[in-house]
Amino acid sequence: MDIILLGPPGAGKGTQAHRLMEHHGMRQLSTGDMLRAAVKAGTPVGIKAKAIMDAGELVSDEIVSELIDAELTAMGPDTGAIFDGYPRTEKQAEILDGLLAKHGRSLDHVIELDVDEDALVARITGRYTCANCGEGYHDTFKQPEVEGVCDKCGSTEFKRRPDDNEETVRHRMQVYRSETAPILPGYEARGIVSRVDGMAAIGDVTHAIDAILG
Ligand code: AP5
Ligand code: MG
């Protein structure tokens, strides 16, 4: 099964993708995570992407689509994909259709996380992740069980994203509205869009998605 998690910055795409990986044995394909890994490794893609990401703008359709293509090749046809943060433009949606066909896959669900943008700013500016395993946390909404220690791997190192400040977040939301939201009608016409209340508690959002996946 292949699904897209769609929603503005902070909607909970990454949080839910991690939970779905555990529940359904699917694989998260987050172009944001791939780009951040490229920035960290200092690859040519990373060097090109860094300033664009820090400004909250979109990296080119070609670069992100090549990253997705490579991941689909590596994971093989038997593992379900959770597309997180991709596609993000009408061009990417079109490219994804071609990539899925090329890899013998098809899209089962587009799950839109319905959220209140003002609340998202608080979510994002409070977000941090484990520097070792990537588990996500929040200053208020999801703290580790033992303060300063990752629940998952026991690491005591955490990090915050450079684009998680209020000004950049507001710009990322504007980019979402103008570039990404327009891809929804095309999926709606195919009858594969489901809407989930992304303002509910994290576990309730997961239950709602589980019910859609069956
Ligand atoms: P990307 O990494 O994809 O960021 P984003 O879309 O802006 O989304 P976020 O990761 O910020 O939010 P999320 O929905 O994953 O929320 P999360 O689960 O963490 O992209 C970053 C940049 O990379 C882009 O700006 C662009 O430059 C570039 N890029 C990436 N993909 C691209 C593409 N396809 N094309 C071009 N450029 C691309 O949750 C947020 C916080 O809220 C967490 O702390 C979490 O614990 C908390 N939380 C989650 N759910 C709940 C809940 N239900 N209740 C309370 N708290 C919650
Ligand atoms: Mg994310």
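Including glycine, each Cβ sits where the backbone N, Cα and C put it.
All annotation found in TrEMBL is predicted automatically rather than curated by experts.
Copied from TrEMBL, the annotated features are:
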type	residues	note
BINDING	G10, A11, G12, K13, G14, T15, R127, A200	ATP binding site
REGION	30-59	region 'NMP'
BINDING	T31, R36, E57, L58, V59, G85, Y86, P87, R88, Q92, R161, R172	AMP binding site
DOMAIN	127-163	domain 'Adenylate kinase active site lid'
BINDING	C130, C133, C150, C153	Zn(2+) binding site
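Proximity to R161 (AMP binding site), judged by a C-alpha distance within 10 Å, picks out R127 from the binding-site residues A11, K13, T15, R127, C153, A200.
Counting residues 6+ beyond its ends, the region 'NMP' (30-59) has Cβ neighbours under 8 Å at 13-14, 17, 67-68, 71, 84-86, 88-89, 134, 161-163, 168-169, 171-172, 175, 179 in the same chain.
Beyond the domain 'Adenylate kinase active site lid' (127-163), the same-chain residues lying 6 or more positions past its ends with a Cβ under 8 Å from any Cβ of the stretch are 10, 14-15, 18, 33, 36, 53-56, 169, 172, 202.
Between the C-alpha atoms of E57 (AMP binding site) and G10 (ATP binding site), the distance comes to 16 Å. Around the Cβ of G10 (ATP binding site), the number of neighbouring Cβ atoms within 10 Å comes to 26. Candidate binding-site residues: G10, G12, K13, G14, R88, R161. Those with a Cβ under 6 Å from ligand 2, in sequence order, are K13, G14. Checked against ligand 1, the binding-site residues G10, A11, R88, C130, C133, C150 give G10, A11, R88 as the ones with a Cβ under 6 Å from it, listed in sequence order. Candidate binding-site residues: A11, C130, C153, A200. Fewest other C-beta atoms within 10 angstroms, C153. Comparing the Cα of C130 (Zn(2+) binding site) with the Cα of every entry in A11, K13, A200, these being the binding-site residues, the smallest distance points to K13.
A gap of 13 Å separates the Cα atoms of T15 (ATP binding site) and C133 (Zn(2+) binding site).
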